[in-house]
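For reference, the structure discussed in these notes is given below.
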Amino acid sequence: MNLHEYQAKQLFSRYGLPAPAGFACSTPREAEEAASKIGQGPWVVKCQVHAGGRGKAGGVKVVNSKEEIRAFAEQWLGKRLVTYQTDANGQPVTQILVEAATDIAKELYLGAVVDRGTRRVVFMASTEGGVEIEKVAEETPELIHRAIIDPLTGPMPYQGRELAFKLGLKGKQVSQFAKIFMGLATIFLERDLALIEINPLVITKDDDLICLDGKLGVDSNALFRQPEMREMHDPSQEDPREAQAAQWELNYVALDGNIGCMVNGAGLAMGTMDIVKLHGGEPANFLDVGGGATKERVTEAFKIILSDENVSAVLVNIFGGIVRCDLIADGIIGAVEEVGVNVPVVVRLEGNNAELGTKKLADSGLNIIAAKSLTDAAKQVVAAAEAK
């Protein structure tokens, strides 16, 4: 679960980290009032969406008057911001952040993730702030410095100082950086985060460090013990189909193709999308119904898939281990009858009672094509989608 920039900065302030004074605003009037509370300009106004690249898309602007603030708010509030990280529809802008402008002398990067390779929280720091860290890692990896957090000792101040020295910081900047490092590490561990990022972490012309931007990602598996973080969830930033799927504990990710995919198991779902691509098709989604592929969940999965108007055929790929394929077939038949599916449905069943399940599908009299293998299923669904 991602947070907005203003929410991240509110947390930073609570943990004693330096961030510009600012207010999240939902109306042009609130934006003007926020500028008055902050004091004399210039100010920076920022669209609040869960996506990077806002500046290049016009969603961040330095302004010198309240008239400019109102104009920016009227331009973006209620609209959608399209960046290189969004799809063609963009993300809805329901709030803008108004904050004091900062005199920037240098931009740095500081962030942390859970590294699966080391099974540790790893901090990364770089002198290349203000740009995508993925680009830095690809083009100049030597400019990224790391600190691995030992789970037994937790973050240590010396690690922050080491990173500061590697970044070329001097004097009071070193102690400020170490304090920010320790604060971020505390937030990361106490709030069950999967990602924390300040990009850029800036050095001002007075040699002070300021958290100019903030990005936080909370581990969704830990939300049950993070009620405050859960309250910060903004459903407007999610694909409505993904939100609906989450309510049924379905793992759904919308894609740009025209072949809907329903699979039990994340690995099998990835393999299914690969083989659809191999045979010339384009998956419309990733959808893992999990081990409990009941009729109700299969029905809901069909509804979610078919809510995408680009879908012209559906591939159902089920491997029956503990789950019996004949019961899955009953669920698919019932779901197709209830939902009223009007596109071809190709089903591949393998495993426990697969033959009986395939026979039930063939005898159903519905527009369901029983495939003999995964390759056969991919070929048939691609052909059906092209014919549609």
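Going from the start of the chain as shown, residues are counted 1 onward.
Cβ coordinates are placed from backbone N, Cα and C, and glycine is handled just like the others.
Taken from Swiss-Prot as is:
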type	residues	note
BINDING	Lys46, Gly53, Arg54, Gly55, Glu99, Thr102, Glu107	ATP binding site
BINDING	Asn199, Asp213	Mg(2+) binding site
BINDING	Asn264, Gly321, Ile322, Val323	substrate binding site
DOMAIN	9-244	domain 'ATP-grasp'
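In this structure, the binding-site residues Lys46, Arg54 were compared by how many other Cβ atoms lie within 10 Å of their Cβ, and the smallest count belongs to Arg54.
Asn264 (substrate binding site) sits 35 Å from Gly53 (ATP binding site), taking the CA atoms of both as reference points. Of all the binding-site residues in the list Asn199, Asp213, Gly321, Ile322, Val323, the shortest Cα-Cα distance to Thr102 (ATP binding site) is found for Asp213. Geometry remark: Gly53 (ATP binding site) versus Asp213 (Mg(2+) binding site), CA distance 12 Å. According to its DSSP assignment, Asp213 (Mg(2+) binding site) is coil. Of all residue pairs in the substrate-binding list (Asn264, Gly321, Ile322, Val323), the one with the greatest Cα separation is 12 Å apart. Cα spacing between Glu99 (ATP binding site) and Asp213 (Mg(2+) binding site): 11 Å, rounded to the nearest whole number. Note on proximity: among Asn199, Asp213, Gly321, the binding-site residues of the record, the Cα nearest Lys46 (ATP binding site) is that of Asp213. Cβ packing within 10 Å was compared across the binding-site residues Ile322, Val323, and the lowest neighbour count falls to Ile322. Residue pair Asn199 (Mg(2+) binding site) / Gly55 (ATP binding site) shows a Cα separation of 13 Å. In the structure as shown, the Cβ atom of Asn264 (substrate binding site) sits within 10 Å of 23 other Cβ atoms.
Cα-Cα distance from Asp213 (Mg(2+) binding site) to Arg54 (ATP binding site): 12 Å (rounded to the nearest whole number).
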